[in-house]
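Q: The structure that follows is given in the form of structure tokens.
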Amino acid sequence: MSHAAHGPNWPARIGLALLAFVALAVSVTLAVTIGEMAIPFEVALRALGNGLFDLGLPVSAIQQGVIFDYRLSRALMAGLCGGALALSGAILQALLRNPLAEPYILGISAGASTGAVAVLILGVGIGGTALSLSAGAFVGSCAALAVVALLSAGAGGASDRVILAGVAASQLFNAATATIVTTLASAEQARGVMFWLLGNFGGVRWPDLWMATPVALIGFAICMLHAKALDAFAFGADAAASLGVAVTRVRVVLFATTAVMTAAMVSIVGTIGFVGLVIPHAARFLVGSGHARLLPACLVTGAVFMILADILSRVLIPQQILPIGVVTALVGAPAFALILYRARNPA
Amino acid sequence: MTLAAHEVRWSAAGRLIVDGVSLEAAPGRILGLIGPNGSGKSSLLRLLCRLRNVASGVVKLDGRDIAGVPRRALAQRLAFVEQQATTEMQLSVCDVVRLGRTPHRAALASWNGADEAAVSAALERVGLSERHDQPWHTLSGGERQRVHIARALAQEPSELILDEPTNHLDIQHQLSILALIRRLGVTCIVALHDLNLAALFCDEIALLHGGRLQAAGTPEAVLTEETIRAVFGVAVSIRPGASGRPHIEYLVATDRPAEEGA
């Protein structure tokens, strides 16, 4: 197997890229056609043609609206969000050398939602536009990262302390969110804020994608540029430095990238747990630990997983939409337990 | 001259750990670093490869201050083997050795023939060519240390720095690791705990005590009964051993008190 990996193996790469594309296309198709209103595939195609190229094909206005403005934007957002969170998880696991690290468990998502909620409720006068909301989320996620870094450094900096620090940070920021909501929010605002606590793709519209797409793709590009450096962290920061990696610069760039990706996603869809944890492990199982393969695998697997999870959240209970975080937690919590168990009992 | 430290100092948490040490590694030879626990051996090694920055003094590689050498260029010259570095990643032996090519590859460069040749040669030199695809976590302690040395060799360094590479290994593996290091022909600076092994395998020895350099020179010059008593607080008798190198015998009372009625 490792001999096949020497040098670029173009047929295998092209095959994997095709496979990834097909998996994404199939899951988006499913997301567009499945739902309260079942829509045949060819109607979905016609609606897509109308929406993208203004073809004027015969589709009822309701179906056109449901497919193009509601389900397609929602599916693409779910894909971007799943990909970005999985990527963030893979980066955090490599940099912190802890298999349990991910934005949700480390409190970065909680920090981002505190920031978003603070902007939404305290900054009403400025106007809760998407941009300032994301800026608030970004400040919050950076603050959470800083709290985690300080706490874990104070506790000796060992990689298992990072998770404890993350738990503390998430409690802290969730408490801050709850304080802001209970003391300052109107009843209507409070209902809206519930949206951030478990994640929701319901409010997604096309303009959200104009922000999320560049963030996810540029974030992915930055991570890919550091794939070799991430491999070098396998034996710790000193080992990485002795292999010529500029440890501090790589950490700052990648932590910031993770914070921005998480903040962007949280500001649009709220906090969604466990995706960043489960997907990198599944992807490692599929393509191995080398980050040059792992990171693209995380992006695609995360996207497919989240799109499918979103379909489940819509159809699991008729007439109701489950928060997406509930679905990911149903899959993620057992996976978390499994990883925890395996980390305690190395083979 | 290759790697040389001049009057280097370094402190952590307000305590001076390395206190004005000067030493020089002769090309192609093995410099042993010995001293009691907490004498600053590991810290000094980390200063020599700039994993920590000196508070004062200078470390020079071929006469050039390493503080001004880019991290990647430095890693093409100096390789570092830690005491017992391990990982939770699922890596194979060759995955680990391939990490040694990191400083020689640009961010997006693909794996090439020169990289592959360096990895194969490194595995050959440590005698693990057959283990190429074995998972890291199934290796024994001695094998792991060999893989780390192979990873360091894949960096194609001119200087190799090893921090107690024999720690926690049984005597057979201690000897085989040190014999391996002797055969490499690379300039080595190696921290060691065992004084007899240091005497046996090192060309020069530097003795650290409380962060200061107590003595440096050939094993015969450094390992004297007086110095060992002064630094380690144990009485010894030193004679030439079968190898011709000094052999240290520890003089301690080993009698057990006579039991009642015996």
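Just so you know, the numbers here start at 1 and follow the chain as drawn.
Using the three backbone atoms N, Cα and C, a Cβ is placed for every residue, glycine included.
Remember, TrEMBL labels are computer predictions, not curated facts.
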Q: For which of the residue intervals A:30-52, A:260-282 does TrEMBL record transmembrane segment?
A: A:260-282
Q: What stretch of A:75-96, A:103-124, A:130-151, A:207-225, A:260-282 shows the most Cβ pairs under 8 Å to the transmembrane segment (A:294-315)?
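A: Per the Cβ count, the answer is A:75-96.
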Q: Verify whether three or more Cβ pairs under 8 angstroms connect the transmembrane segment (A:207-225) with the transmembrane segment (A:75-96), leaving out any pair fewer than 6 apart in sequence.
A: yes
Q: Considering pairs 6 or more residues apart, do the transmembrane segment (A:103-124) and the transmembrane segment (A:321-341) have at least three CB pairs under 8 Å?
A: no
Q: Which of A:130-151, A:163-187, A:260-282, A:321-341 shares the most C-beta pairs under 8 angstroms with the transmembrane segment (A:207-225)?
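A: Per the Cβ under 8 Å count, A:260-282.
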Q: Using a Cβ cut-off under 8 Å, which residues of the same chain at least 6 positions beyond either end of the transmembrane segment (A:260-282) come close to it?
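A: 77-78, 80-82, 84-90, 92-93, 99-100, 102-105, 108-110, 112-113, 115-116, 130, 133-134, 136-138, 140-142, 195-201, 204, 208, 211-212, 215-216, 219, 294, 298, 301-302, 305-306, 324-325, 328-329, 331-333, 335-336, 339.
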